[in-house]
Number of protein chains: 2
Amino acid sequence: MTLTVQTVLNRLMEPVEHIQNTVDTLKFGHPKMEVTGIATTFMATQQVIERAIHLGANLLITHEGLFYSHMDNQEILEENTVYFEKNRLIEESGIAIYRFHDYVHRYQPDGIMAGLIEALEWKTFIEKDTPTSTVVKIPPMSVSEIAEYVKDKLGIQFVRTVGELSDTCTRIGLLAGYRGGGTLSIPLFEKENLDLIISGEGPEWETPEFVRDAVYQGKRKALIVLGHAESEAPGMKYLAGRIQTLFPEIPVHFISEKPLFQVL
Amino acid sequence: MTLTVQTVLNRLMEPVEHIQNTVDTLKFGHPKMEVTGIATTFMATQQVIERAIHLGANLLITHEGLFYSHMDNQEILEENTVYFEKNRLIEESGIAIYRFHDYVHRYQPDGIMAGLIEALEWKTFIEKDTPTSTVVKIPPMSVSEIAEYVKDKLGIQFVRTVGELSDTCTRIGLLAGYRGGGTLSIPLFEKENLDLIISGEGPEWETPEFVRDAVYQGKRKALIVLGHAESEAPGMKYLAGRIQTLFPEIPVHFISEKPLFQVL
């Protein structure tokens, strides 16, 4: 039986009630296209798209948008040669590209967080899942030990930290992606009596400065910032495994990217 | 003659037409208070406030907000012990605290950018000032040479870069603070034919991923991310000098903070 793009999309959205306004749309390709191979990725960069084509995937599922804007702001792309070239590659290859962001975050538990927890091997330590965060209680480790553990498990080059590296932590809040801002993280610190938050990304003078003040006041709080991609790529890898289970006859790949930043 | 808080504020706002909705308000203290010492800072952390009090400054001028939110969102501070303690320190000391953000950015040229350019000693290289960015044309240097130069001039510990470190740059766009996002940076790259953007902070999968794609396509573009505080503190230091000129009889200090993040 032919597997269409729409069938795959329906299965992916199935666990969640219909979302009215969503960025999760088919950006390229047609819903009736036959799917012969699937790839997932954090963000469909030019290199990721080429790799998907090379692997024979004709449906690429990307967590973040193709063109550097959450709401697909087209104005920033006017007369933009990088955009033209990337767009041409996609159109000429005929690959279908679906953004899968809002729905996977509304899985219960959050599908992206589930992948992060699995990569960290902290599933047995989960105390609480909320729609935007997960609280774990781990055996005592220092901030620097946790930083090294996290880098090792996620295979990442560096993390940025705020707080005393020698402080011992057991209660940790995890927030993937752009949930590291003060609106979510600051109340979570207090409400859940956290020693540490590990997040993807957030404005620098919100949560990081809150932690700086807390530490200066003698409170034991710390922050580890992973990077946005670093915090969400494991979720898209995890998703590839789920999709493979749903469609065992179709080859499914997860495509990773190189680290985005270099630290000098 | 007695110098009041309001007189200082009026002089600071003088170069700019009245701004209707602004975050620039007197957060603590009274407009009629007599000013006996002034301090400026990027962000009034607990430590900065204590230092200002210690220096005898009773008017502290901070670029960013006191409580980790651009729009002073009070909800995140409910039952928050860090907030309580910081608030009590301020109230008990009687120090006046003024946020000076929107007005200084509307100076012509932008008062924060002026400080950054001065710290980088690139004033003679300015090609163009816009309300949100400055374009400089410098003698050819590689990305890594520029990164080291910038770290040295600004006294910062690390920068994050995207692109080829050996690429030669001459045309550079500078964007201070949270202007590193795709909306401003991506069109600027194209319109001004830039080799490099140096910015404070911005969402990670906007400009950085654009630069990654550009480089992968063989285009010579690069990005250096300084950090939000790192990009704007020089502007507040520069402001201290201006204020000292306006009020030569009053002691004026710039108060710096330690680096916010540690890289592990």
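FYI, residue positions are counted from 1 along the chain as it appears here.
The backbone N, Cα and C atoms fix where each Cβ goes, and this holds for glycine too.
DSSP assigns A:His228 (divalent metal cation binding site) to a helix. Residues or ranges marked as divalent metal cation binding site by TrEMBL: A:His63, A:His228, A:Glu232.
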Original post:
Can you check what DSSP calls A:His63 (divalent metal cation binding site), collapsed to helix, strand or coil?
Top reply: strand
**OP:** Give me the non-local Cβ neighbours of A:His228 (divalent metal cation binding site): same chain, 6+ apart in sequence, Cβ-Cβ under 8 Å, ordered along the sequence.
**Re:** A:Gly177, A:Tyr178, A:Gly200, A:Glu201
**OP:** Would you mind checking how many other C-beta atoms are within 10 angstroms of the C-beta on A:His63 (divalent metal cation binding site)?
**Re:** 26
